[in-house]
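As written in Swiss-Prot, here are the features:
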- His53, His55, His110, Asp127: Zn(2+) 1 binding site (BINDING)
- Asp57, His58, Asp127, His165: Zn(2+) 2 binding site (BINDING)
Amino acid sequence: MNLISIPAFQDNYIWLLANRQKHCVIVDPGESAPVLATLAQGQYVPQAILLTHHHNDHVGGVADLRHHFPDIPVYGPQETAKKGATVIVNDGDSLTIAGQNYTIIAVPGHTLGHIAYYSSPYLFCGDTLFSAGCGRLLEGTPEQMYASIQRLAQLPDETLICCAHEYTLSNLKFAHAILPADQDIATYQQQIEQLRSKNLPSLPVKLQFERKINVFLRCNDIDLQRKIETTSPPDSLVSVFCELRSRKDSF
């Protein structure tokens, strides 16, 4: 499989996953122009569009893409029904597109109907889980978002996180501010600074590594709890998550 990240807007990524026959899926096309350019350059043949949630920077290019490819199915959660989705999918549903199997995972939090698409090893998770971070709570509750990222964290180690924004460096700066002595975070921040200075993407990233450098996946870490002056018992880890999210919102 060939995975391509297509930059869009200021910091979005539209994902394209193609097989050997150059049949591909397009994930969260916020705008159409860069997608059409990539399709033409690589001679890819789109088989489907996958939407994770209803925000315009993820669905804005759907109408024009459907103009160019009238028969293309557009999969998405119920909240995308008015944003171009032609096939509504729900948690636990399975899709087979261009010979690749996809499982739908409900991940409410950023929006109430947000979903992710998992096709081993690829995880298209929209604005739920970012490298070294997670999405803002624009509609859901902290409990929902914490449960969602924990659900994604249970996927296999080799899972490749294909999120929709280039937020890695800013997320690492926040993580370093919380855990300045953490060598994994400090080293990775330096690596990403060099990568981004060359305008190269920081994604995708393996879930196994993400568990080390993403503070939102480390809410049970005693050192982390001490740093944010939280002494939550194991059944209150959502309060640790909530405190981290609150601090990140104002960072």
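A Cβ is built for glycine as well, from the same backbone N, Cα and C atoms used for every other residue.
Structure with Swiss-Prot features highlighted.
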{"residue": "His53", "record": "Zn(2+) 1 binding site", "DSSP class": "coil"}
{"residue": "His58", "record": "Zn(2+) 2 binding site", "DSSP class": "helix"}
{"residue": "His110", "record": "Zn(2+) 1 binding site", "DSSP class": "coil"}
{"residue": "Asp127", "record": "Zn(2+) 1 binding site", "DSSP class": "coil"}
{"residue": "His165", "record": "Zn(2+) 2 binding site", "DSSP class": "strand"}
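If you take the C-beta of His58 (Zn(2+) 2 binding site) and look for same-chain residues 6 or more apart in sequence within under 8 angstroms, you find Asn12, Asp28, Pro29, Gly30, Leu51, Thr52, Gly126, Asp127, Ala164.
Remark: of the binding-site residues Asp57, Asp127, the most isolated position is Asp57 (fewest other Cβ atoms within 10 Å of its Cβ). The two recorded residues, His55 (Zn(2+) 1 binding site) and His165 (Zn(2+) 2 binding site), have Cα atoms 13 Å apart. A separation of roughly 13 Å, to the nearest angstrom, links the Cα atoms of His165 (Zn(2+) 2 binding site) and His110 (Zn(2+) 1 binding site). Rounded to the nearest whole angstrom, the C-alpha distance between His110 (Zn(2+) 1 binding site) and Asp57 (Zn(2+) 2 binding site) is 14.
By a simple count of nearby Cβ atoms, those within 10 Å, the most crowded of the binding-site residues His53, His55, His110, His165 is His53.
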